[in-house]
């Protein structure tokens, strides 16, 4: 049973013919491996070059004992059989884990010992990977059910270059075949079967067992990067049984013939897919590293913080002076808010000196090459000057793009920006943006792109007109040519689902939707919350992730707010509208934070954190012509 059914044990050489040779299989241009009817070379799961698999009979053994220079066959007879009329035999061997035949006596030197040792090492590797990929269940929420019941579409993994597999996802799409555990089995041992991807949503795939045709009764969702998902052929090389689901066992008498017909020419995962997933989840930042990070209580300065934990590339930073380690800040390792030690002094940025005179034992400065590099700029010619006006995303209210002013020009292209009408007297709420930042815009950006521009607090001359405001304040607009006008081919579309950080409470990663796209700027809506909590985020922000990222990395996902929470939002929104005329006294998003904290029902999470919009990737009509 574990090697297949009795009906599958006949001599496969008689079932193949010359008119079904490899040359008649139409090639499929793809970066993914194609399952061929003449087999393909598989290295043993431990990845060592010392093991090989016979392309004819599927025997696994020591590579040096194999026949021919290429070490593709276990014996002369296998080599000859392969070149004659048995080209389909190898795919059957890979699918069924066919035991060695009399042809393979040359391998009896100690192949079993080597095989068991390699397999033991492979199992240990899988267990280690499983620990790092432990799923974090969210009670009452399932991405699969959420997407299926509403016919949602998720942003593809390729949209997130900073996420695991973001740059090497390849052509994984509907129709790709994989080997997965067979849950429709009454056998006492774990068995596997082949399934095809029916729908893809980020890392999550809706799979259907091979043989079910149009029957979706046993379809299931899983994370394609999980430790139980393998390329076709893995079972044979690992000695695992392929057993059809119990529901369809009666459909075919010869499952071998069925699989050969169904799989020949189909795509599967690369043999090293699991290794690539593991490598893409290795992060250079380590605990106890020291960095400079923005002071969350005074945005105008930075402080020294220590990496307390790393989850999926997200860092929990504890400010160095926090004795009980509760004064922390969450951000991604590629965030523009963190820098190497000494960065503030090098560019002239304000910095809060620590009361700690020397490094604590075990703490060490993070190497400068680990941090995200900014583009070099030429400030020698025409450049930004203090007092110039522009438009900028308010870091204290990310749903708003506001009238802003350059308050100070720092070195290496960095600028200190203040929001007009909302600045503290001591400048403690100025914030630092690089000149190439996608969060600052020239005068007129909102008007040309039909975005509501937030005027200065208390400005009475409405509707706001830039021409009048520049004349009244005796100021000039920053030249358009100094701004970053690059728009990458990001791949996002309105309505796509994703997982996004609530940047006003950056320990939280929430279920979210792209609701507007303005060139490279995305409007992110948090499902279940009112629109006032939406945030403007750049398409390449490291705070956006594919569906399934939290499950893959072990991070806590915040599900959409329930109906009771929405009622609380409505009452809170009314209170906020009444308070709009009050004097500005601090962080404008505090009411939002307090509301979200209340809706968490007091639970503690130690590791938490439109209509005619332009979706083009060009920069045409990106800015309006400035009035004289």
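Including glycine, each Cβ sits where the backbone N, Cα and C put it.
Annotation source TrEMBL lists region 'Disordered' at 1-31 (among others).
Here TrEMBL flags 45-80 as domain 'FCS-type'.
Per-residue confidence over the repeat 'MBT' (141-245) averages out at a pLDDT of 94. What TrEMBL records for 141-245 (among others) is repeat 'MBT'.
Positions annotated as repeat 'MBT' by TrEMBL: 253-349 (among others).
The repeat 'MBT' annotation in TrEMBL covers 351-456 (among others).
The repeat 'MBT' annotation in TrEMBL covers 464-560 (among others).
The region 'Disordered' feature in TrEMBL is assigned to 558-592 (among others).
Positions annotated as region 'Disordered' by TrEMBL: 606-628 (among others).
Annotation comment: TrEMBL describes 609-620 as compositional bias 'Polar residues'.
DSSP states for the repeat 'MBT' (464-560), grouped as helix (H, G, I), strand (E, B) and coil, give 18 helix, 31 strand, 48 coil. The repeat 'MBT' (351-456) is in contact with the repeat 'MBT' (464-560), judged by 3+ CB-CB distances under 8 Å for residue pairs 6 or more apart in sequence.
Taking DSSP states H, G and I as helix and E and B as strand, the repeat 'MBT' (253-349) has 22 helix, 36 strand, 39 coil.
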